[in-house]
């Protein structure tokens with residue numbers, strides 16, 4: 001009560017942000033008459049004027065009112081649209097590096113032009129991030145008219161572009177692109193070997209459209225570039241055949257946390273089947289069967305937790321994941337740790353190889369690279385705490401241009417799903433009777449097709465929009481507001497196209513008049529469409545506007561709000577209602593058994609619903625609990641990813657320094673001296689007597705790393721010799737050998753060799769380190785049983801592993817340079833031979849790839865001492881890369897087999 005009183009007197013936090021901005025809106029409005037009088041050329045000249053003022057020391061904020069007035073006038077002349085005052089407010093909030101929450105239909109796409117133009121004046125580049133290629137292309141063409149009119153360059157990044165096209169797009173003042181493409185370009189850039197090959201410029205300012213979808217829903221899924229490992233497809237198929245034999249008593253399932261485990265009885269059953277199939281000796285949990293346990297667990301998850309047409313669909317011999325928030329197909333995204341391969345085995349499609357990570361980053365860490373970040377969406381307030389804590393972004397609610405006149409009805413709760421769907425069909429029939437359009441939101445393909453079948457039986461014409469048919473999605477959504485139209489859609493999040501009452505003129509013009517080339521005929525037909533849409537719009541308004549029906553509550557209130565927000569745009573009438581049953585996932589998982597008994601006691605008959613505001617409140621509390629749990633999961637994942645992120649920044653910074661350096665000989669010499677110092681310290685401990693020195697081991701180390709056979713044992717017998725003297729002698733011999741090798745070639749060739757090798761070995765070491773980090777992460781949670789904090793344990797061990805990687809890197813670089821034999825007849829030949837080989841068949845995915853032993857060898861394009869490896873001649877095996885399979889045929893890595901010696 002006191003809170004409400006205080007808000008009435010002092011205003012909300014939101015009001016306090018917007019109040020000082022209103023005087024800037026007045027300033028923009030005051031400039032409008034003068035700017036209307038400017039010619040096109042005079043308006044365009046404003047860009048050069050603003051840039052000159054910035055160079056002379058004027059702050060961006062001081063240019064805001066004039067820049068916004070310029071964009072408003074340019075939009076009127078190019079698009080025929082004028083920014084409303086509330087849109088100016090939204091643009092100012094975005095310029096400040098905050099999130100603008102603007103309701104659906106309030107023109108977010110147009111709002112972005114204001115801060116984009118202002119920040120693009122610095123010529124450092126502005127990125128506008130969208131959720132799919134269609135929206136990136138559409139917005140770059142549509143809003144690009146405004147920027148180009150004002151003399152700015154506009155680029156777009158979409159899938160399938162080559163590096164040159166990407167460089168040109170990123171060099172533009174304004175660049176549109178999807179979150180996936182921008183993130184992958186960052187990773188690919190940090191796998192390049194020359195600065196001029198990199199496509200992105202230093203980060204400056206980004207505006208993220210549908211910011212909640214990208215920074216919250218997709219935050220858990222890392223972007224990964226990976227390379228293939230060995231083929232385990234037969235084992236997946238063999239284990240998969242055992243799963244249908246399991247009965248309910250063989251496993252326990254927890255749907256809240258999406259986990260399934262074998263019971264003792266199930267373990268015995270599986271062991272028996274594995275022995276019969278001759279896949280196992282001993283018991284399932286013997287140390288030698290670790291890989292088998294992994295395959296059994298993933299097959300169990302694939303069969304008992306994942307449902308076809310709900311979690312994934314099968315299309316073109318592939319298992320494609322369906323995004324639980326948007327209902328879209330996630331092409332190229334794969335489940336981690338062998339789960340995707342287990343699903344492929346379950347569905348009988350081609351099993352793709354597991355992969356090893358070459359580079360990865362989460363969206364959380366990618367977008368935190370921008371010095372200035374802003375976002376816009378229709379629904380962010382429910383996640384305001386997360387935006388503030390993780391991204392340091394404040395959410396500001398922008399008032400609507402016209403008051404919302406949508407009626408949000410209380411939820412109707414039925415006992416069974418059958419009754420619920422029958423009630424939805426009845427409501428659709430009623431709406432069609434008065435020609436009111438209906439949009440039904442479902443949570444899965446399966447449910448959308450079930451409802452579609454029910455409507456077909458009633459002979460009710462309708463459109464279905466789900467992951468299967470997403471090619472036509474923009475047109476289907478645009479036409480969802482026609483009189484009597486019925487549209488069924490899996491989660492409406494991120495669809496990006498307005499539902500306009502009566503129909504969408506732009507979309508109909510594009511689809512229906514594509515073949516009409518005669519200008520006069522085209523104008524005539526467009527006028528006809530306009531008149532038809534206006535008549536339809538009036539009919540729909542009279543029938544009550546768009547009726548949005550939710551077929552169940554999502555676990556996130558935000559997704560429900562997004563569905564509701566499709567109705568009642570720009571002051572249009574509309575209505576919304578959610579239909580629920582006790583068989584819905586949210587109700588079933590969060591304690592519906594008690595509720596079922598209660599409803600029976602109340603005498604609820606078949607087909608009757610219970611409707612009460614208290615039920616809405618109870619459901620909202622259940623959703624808040626799920627949201628809080630999901631936030632904790634994301635926050636915890638970020639803490640773990642931050643450990644790798646700090647290391648990634650160090651490695652990527654070092655790579656960039658190496659690429660920009662012409663000469664790395666100083667680093668090479670420092671590496672060599674540090675390696676010798678560490679060798680001597682290991683074999684000749686401080687303050688140890690001469691008879692305690694391990695000179696034999698030191699001799700072996702020097703021979704292995706430097707290919708130098710030195711009389712170290714003889715030196716050790718000399719009277720009064722100290723460890724420093726031995727160290728100096730080894731250093732002297734190693735330096736002389738390196739100098740002799742440099743003298744054989746031109747200085748430029750040797751510099752090229754050193755730089756190329758250093759970059760390639762750094763990449764190989766980083767790749768192996770990522771694999772070790774992943775293995776560490778998978779088992780670290782078990783430390784909690786020993787009363788240790790898994791996060792602190794992970795931080796400590798990851799830091800030690802990183803330090804060890806850097807030590808190993810010095811030794812590997814030193815050793816390769818000492819052993820390598822260079823055979824070049826010309827500098828051109830040297831350049832070709834030193835051109836690093838790109839990893840073959842890399843894959844870009846939106847999930848952690850599965851890991852298994854094995855991997856590709858170091859990508860050296862240099863002739864080493866024994867380059868030809870003969871499997872029948874152990875004398876040639878020394879040339880085998882450390883991570884390649886051992887030539888003996890054991891299946892182990894070379895470094896763990898014959899290379900260990």
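In case you wondered, yes, glycine gets a Cβ from its N, Cα and C as well.
The ATP site recorded in Swiss-Prot comprises 105, 106, 107, 108, 109, 498 together with one of 87, 479, namely 87. For residue 106 (ATP binding site), the same-chain residues lying six or more positions away in sequence with a CB closer than 8 A to its CB are 86, 87, 90, 378, 398, 400, 401, 569, 570. Here residue 105 (ATP binding site) comes close to 498, 569, 570, 572: these same-chain residues lie at least six apart in sequence, with C-beta atoms under 8 angstroms from its C-beta. Cα separation, residue 108 (ATP binding site) to residue 886 (Zn(2+) binding site), rounded: 58 Å. Apart from 87, 105, 106, 107, 108, 109, 498, the ATP site neighbourhood in this chain, defined by C-beta within 8 angstroms of the site C-beta centre, holds 102, 104, 110, 111. The secondary structure of residue 498 (ATP binding site), as reduced to three states from DSSP, is coil rather than helix or strand. Here residue 886 (Zn(2+) binding site) is positioned 61 angstrom away from residue 107 (ATP binding site), judged by their C-alpha atoms.
In this structure, the binding-site residues 87, 109 were compared by how many other Cβ atoms lie within 10 Å of their Cβ, and the smallest count belongs to 109. Residue 886 (Zn(2+) binding site) sits 57 Å from residue 109 (ATP binding site), taking the C-alpha atoms as the reference points.
The DSSP secondary structure for residue 897 (Zn(2+) binding site) is coil.
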